[in-house]
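What TrEMBL says about this one:
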SIGNAL    1-22  signal peptide
TRANSMEM  110-133  transmembrane segment
TRANSMEM  145-167  transmembrane segment
TRANSMEM  173-197  transmembrane segment
TRANSMEM  228-249  transmembrane segment
TRANSMEM  335-352  transmembrane segment
TRANSMEM  359-386  transmembrane segment
TRANSMEM  398-419  transmembrane segment
TRANSMEM  453-471  transmembrane segment
TRANSMEM  483-506  transmembrane segment
Amino acid sequence: MEKWSLMTITVLLALTVRWAVSLGSYSGAGKPPMYGDYEAQRHWQEITYNLPIRQWYFNTSDNNLQYWGLDYPPLTAYHSFVCAYIAKLINPDWVALHTSRGYESQPHKLFMRTTVFVADLLVYIPAVILYCFSLKETSAKKKASTCALCILLYPGLILIDHGHFQYPLSLGLALWAVLCLSHDWDLLGSVAFCLALNYKQMELYHSLPFFCYLLGKCFKKGLKGKRLVLLVKLAGTVLLSFAACWLPFSTDVEQIMQVLRRLFPIDRGLFEACMFSSPTHCPDKVANIWCSLSVLIKIKNVISPRTQLKLSFAVTFLSLLPACIKLTVQPSLRGFKFALVSCALSFFLFSFQVHEKSILLVSVPVCLVINEIPFMATWFLLVSTFSLLPLLLKDGLLLPYAVTTPAFLAVCLASFSILEKTSAEDLQLKAFSLSLKGYVSWFKSFPRIVRSLFLLSLALMGALSVLSAAAPPPQRLPDLFPVAVAVVSCLHFLLFLVYFNVVILWDSRNRGQKKIS
């Protein structure tokens, strides 16, 4: 009973923070003609309610794809339709075809914010709670609620979902998939992940770890008997899940191809994360390698779009290959969770058409290992929130950012004593350090060095945050601060990518693993 009381307090606190953030501004508020992601979600409700399914993804006189055309998979469209049906019952003006474009009012804002709250309460928050209770390392009552508190107070997700405006459904469904796999409910986990992928195609960031883990599990003791049956069941489950999601669009091949063209518009090039230039999006200042390199080399001017695509694919594939091979050959639940982090980070850093918000696809898996590596997880989550700063400033979310980020750090310091968890063993680097013994003399000073780098990183992020918010940029360099934020964040992410790969590749030689039976 006590553990549920602690968890109830945790959830209430998390909901209070979300409610406070939702009182502020949202993406594109009062900024015609495109407005922002808030208007995009409202517009999809307008389109899905008023037009037949066959027109949802096609450019017509009633559906101008240049104005926030649907570019997410079918489940997003179905969710928009459900929200639109409820909106129509409350106020038909909210989803009236054509005339509702750019609609803004306090009652409508309350409705839209409520839909995000409901998604959080029904999908994301329950997954976090059950995940924390399922952790073997957090059997103590207090530990489970502490872990849940840190995850639920992660500021990046709160500021984007309840500030900027976004639904947490794909990440929540992916969490349910991880939870199912941790209990060996592989078929249910496959269904949950297929639903996540059919809600947002960016869940491809997590697809390879799911595939490699389940494939490795099937091959673990030879592909025969129960393992062969499991493989067949998994394949059938995936096919049926996709068939159910895409059934209304399966009337002809052209319907399917049009949806795919909307989901993967490769002709936009490496940097064109959106098909228009909107004040709420800054695709050239994302904290990935291509945007950071463009500060020195104008990649768009020296490499053709097709070559950019091939280069991006090659670098992304090579960067995630080691973790995927390790997971397939030695499948373990722990390795799976770390591979989710590593592969998602590789996609974020090296793939094409990356949004600032895509860092959340890395951050949520990092939350899943915060109990194992609290110091590095906290550090990463702070940097990921910092990387969103230019977008948050555009949305008028400076105050929520300035409050939630230090509060999150304080909670992690109090919950995990992270500054005391900097030894090689605490950082899961013991096996790696043993392999370097005799070659690297400074490893004895490793904890002190790591703590110093962490404090230096905090100081740098704090200084850039203050400058971005308060100081006017030089006239000749109007994008100085957003670019600085992107480059600094990218350098952090590259170091984190190396770290997570080292943890994965040096794992299990000196650590026990959960047996795959």
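Here the Cβ of each residue, glycine as well, is placed from N, Cα and C on the backbone.
Contact between the transmembrane segment (228-249) and the transmembrane segment (335-352) does not hold: fewer than three of their C-beta pairs are under 8 Å, each pair 6 or more apart in sequence.
Between the transmembrane segment (110-133) and the transmembrane segment (173-197) there are at least 3 Cβ pairs closer than 8 Å, counting only pairs 6 or more residues apart in sequence, which means the two stretches are in contact. Among 173-197, 359-386, 453-471, 483-506, 359-386 has the largest number of CB pairs under 8 A with the transmembrane segment (398-419). When each of 359-386, 453-471, 483-506 is scored by its Cβ pairs under 8 Å to the transmembrane segment (173-197), the top-ranked stretch turns out to be 359-386. Comparing 145-167, 335-352, 453-471, 483-506 for CB pairs under 8 angstroms to the transmembrane segment (359-386), the maximum falls on 145-167.
With Cβ pairs under 8 Å as the measure, the transmembrane segment (335-352) is packed most heavily against 483-506, out of 145-167, 453-471, 483-506. Counting same-chain residues at least six beyond the ends of the transmembrane segment (483-506), those with a Cβ under 8 angstroms from any Cβ of the stretch are 285-289, 291-292, 295, 319, 322-323, 326-327, 335, 338-339, 341-342, 345-346, 348-349, 373, 376, 380, 383-384, 386-387, 389-390, 427-429, 431-432, 435, 457, 460-461, 464, 468.
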